[in-house]
Amino acid sequence: MKDIVVDAVEFVEQNQIYKAPFLANNPQKIPYSSNLIKSDYSAINQKRNFVTQWNVPSWGIARINHRDLQDLTLYTVEEAAGAGIHVYVLDSGIQEDHPDFEGRAHTEANFITYEDSGDHSGHGTHVAGIIGGNIFGVAKKTFVHAIKILDRNGDGTTSALLQAIAHIAQFHEPSRSIINLSLSGPRSKSIDDALSMLVEDHNIPIFVSAGNTGDDACDYSPAANPDVFAVGASDSGDNIPSFSSFGSCVSMYAPGTNITSTWIKDSALTMDGTSMANPHVSGIAAMLMSKRVFQSPHELYGILRAMATPNTLKPQDKAAQQNDSSDDSLINTTIYGSHWASMDIPRYALPESDMPSRVAYQLIKDEIALDGKPALNLATFVTTFMEEEAEKLMAENLSKNFIDFEEYPQTAEISDRCVNIIARLFNAPLDNPYAEAVGCSTVGSSEAIILATLAMKRRWQNSRKEKNLPSDQPNFIMGANCQVAWHKAVRYLDIEGREVKCTEDSLCMDPKKAVELVDENTIGICAILGSTYTGHYEDVETLSNLLDEKCKSNGWDIGIHVDAASGGFIAPFIIPELAWDFRISRVHSINVSGHKYGLTYPGIGWALWRDHKYLPQELVFNINYLGSDQASFTFNFSKGASNVIAQYYVLIRLGRIGFTKIMTNLVKTADYLADKLEETGLFTILSPRHGKGIPLVACSLKDKEKIYDEFDLAAKLRERGWIVPAYTMAPNAEHIKLLRIVVREDFSFNRCELLLRDILAALDALNTWSEKEMKNHRNERKTGARHKNRASFQQRYKKHHKASSRDKRDAPGIC
């Protein structure tokens, strides 16, 4: 038998069995028409359309409606609770014509090939009834969709669940969808990855059962996945029943014993299990989502935890033994039921006492969940995706100090390799016996820019002193479209910065105008390979030719520095024939950001000089550190080695072919997005296409007579989670407003389509607004009422914080 070679296979996993965690409490079915399950309703607030359900047939919905155990017969809820929300119940199916669903249940897909789509187990119908039944349900107006993945015995497989996940990814209702997974099974990477994809890429919250094994839920999937919300069971006395799984992976406990709900054949049944607890929380989530749009599932999870009643549950049996073993445990509940969750932890002072690591982790995780999602942040050029192997290498090397060459010689060797690889990529004259390129890693491009500017200034000063000429008035020439790091460089190094103004016809630096500003005190000129505003590559070759003529006639030696922070890892693979790098002798130095299109997490940058003579020797420090003689010319002494190692991983992992494939895809996606926006007739595209600039789309609205502008559109997109910056052009062209969408490696074609859809939907919404509504909306943004304007929100936060009784001496932060 021949071996089968499968190079494309990342891992192999068994097609495992997953089960519905439930226990039949009372196997006696009750006909739906029975008086035992009838409830009475009365309106208690006509204005807000609240109703109270009296004599509820299941104590569970009453318990989640009260902070205590006083009355477990009443359930008060908005009449339209859950309206417009679609809950996908991945289970044994649903009896869609059960009268309690009032036509809101729908059989959508069946992935059990040996059974029809009907519910032959009853489990799925029971779960769906808790979510959205008229009598038994939490969210009484929500839609429930049956995705059948469990058979009549309550068993399902990994493959069936993965097929269901793929189906939902394709057909779900955006921003209106929830998944209920009342099942549990062995740990599964494939299932965890697929569920995380739904959460991260499609913004679908997922609620899962903790399991009925009575042990740590972290040992099972899907409960162990940090992107889902795992629910354990409680009983009518606020005890944790012995069957319920527990531990740090459990996000909340909900009623899970003696729960009566819908059953097949138009009946009702009482059951126990975390399968019953979970849909209570799914129902609450449906009610919340029907009232507002959440930026991410994790934001919704945080709201649910904040609404829960802490310090209520009492453990039983195994849970008590496991959870109450020491002061460092979570006692008898989850993190959110522990006393740390209700502690007033100082924000700007060191806490007096310690806390368990998992509590600190969860508290910080919950707070940063309020941040925007990196994958939807289309404002940043910074890498937001790396492969698992790269992340592993970084984690394994976080403790390495890069400066310790003697202790970590291979890391130093890897850094040298990166410099050589990048220098060759930029066509450094490495084969010239009279020239030898030199470079170093930096903390992003800002450090590289300041180092390059310092080298140019010092070289110019040395030349002037040799000729007995004044050297106290250096100037540096740059376009008004340059990044703020250049303004820092000239200010910090006491250099006059001369700007080439932008115009409506020229949104980046004009080479002719730049050379006109050159004089004997000019230390250099910056050309940008990828303008931050519009993505254009500035014409380095023309700039060099014009500068050659001026220097030749005046006897000057003025170099060009190319700021290739964004374009340095793109141009060599998309338009390798473009001369912008060390092929041009007038180019003395280049900086590039590894954490942009070098596809490495922040912050890593690189500074390179075409030859030693362009880096004055007096700027290089030779030090003896820990027994090793080292040359250093960076500002930072101690810095982590993990980013350098990650950069090397990317370089050797992808190679020239891999980089070309990725950059080609990015250019195609950017061109497609630009074309589609242009086809609407609503936008003017300001960015270059077909790889003639970095892959981004800069655009402005054509109709300037509308009551809304680019800033209003950006704010509207933010409500859907997208971070698309709106801004005005560089000085002298400030009247031009534009939006900029950066296309990064993880901005897939599918995500591009979602953005296009949301842009058009946002414009449709803005077109319906009156001038008064628009004025109010803008005032809210300015005052920070919507928390979209960071600066104004910070002011409001500081004002509120100073009024508090804590941390009176908090110091302001400087970014």
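From the backbone N, Cα and C atoms, a Cβ is placed for every residue, glycine too.
Note that the structure is a prediction, hence the values are computed from the model and not measured.
Features of the protein shown, as given by TrEMBL:
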- Asp91: active site, charge relay system (ACT_SITE)
- His123: active site, charge relay system (ACT_SITE)
- Ser275: active site, charge relay system (ACT_SITE)
- 773-783: compositional bias 'Basic and acidic residues' (COMPBIAS)
- 784-803: compositional bias 'Basic residues' (COMPBIAS)
- 804-815: compositional bias 'Basic and acidic residues' (COMPBIAS)
- 82-308: domain 'Peptidase S8/S53' (DOMAIN)
- Lys596: N6-(pyridoxal phosphate)lysine (MOD_RES)
- 773-815: region 'Disordered' (REGION)
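The residue listed as 'N6-(pyridoxal phosphate)lysine' and His123 (active site, charge relay system) are 49 Å apart (CA-CA, integer value). Residues in the compositional bias 'Basic and acidic residues' (773-783) partition by DSSP class (helix H, G, I; strand E, B; coil) as 11 helix, 0 strand, 0 coil.
Straight-line distance linking the Cα atoms of Lys596 (N6-(pyridoxal phosphate)lysine) and Asp91 (active site, charge relay system), rounded to a whole number, equals 43 Å. Counting only the Cα atoms, the space from Asp91 (active site, charge relay system) to Ser275 (active site, charge relay system) is about 10 angstrom. Around Lys596 (N6-(pyridoxal phosphate)lysine), taking its Cβ as the centre, 28 other Cβ atoms fall within 10 Å, counting all chains. The DSSP secondary structure for Ser275 (active site, charge relay system) is helix.
Classification of Asp91 (active site, charge relay system) by DSSP places it within a strand.
Across all of the domain 'Peptidase S8/S53' (82-308), the predicted model scores a mean pLDDT of 95.
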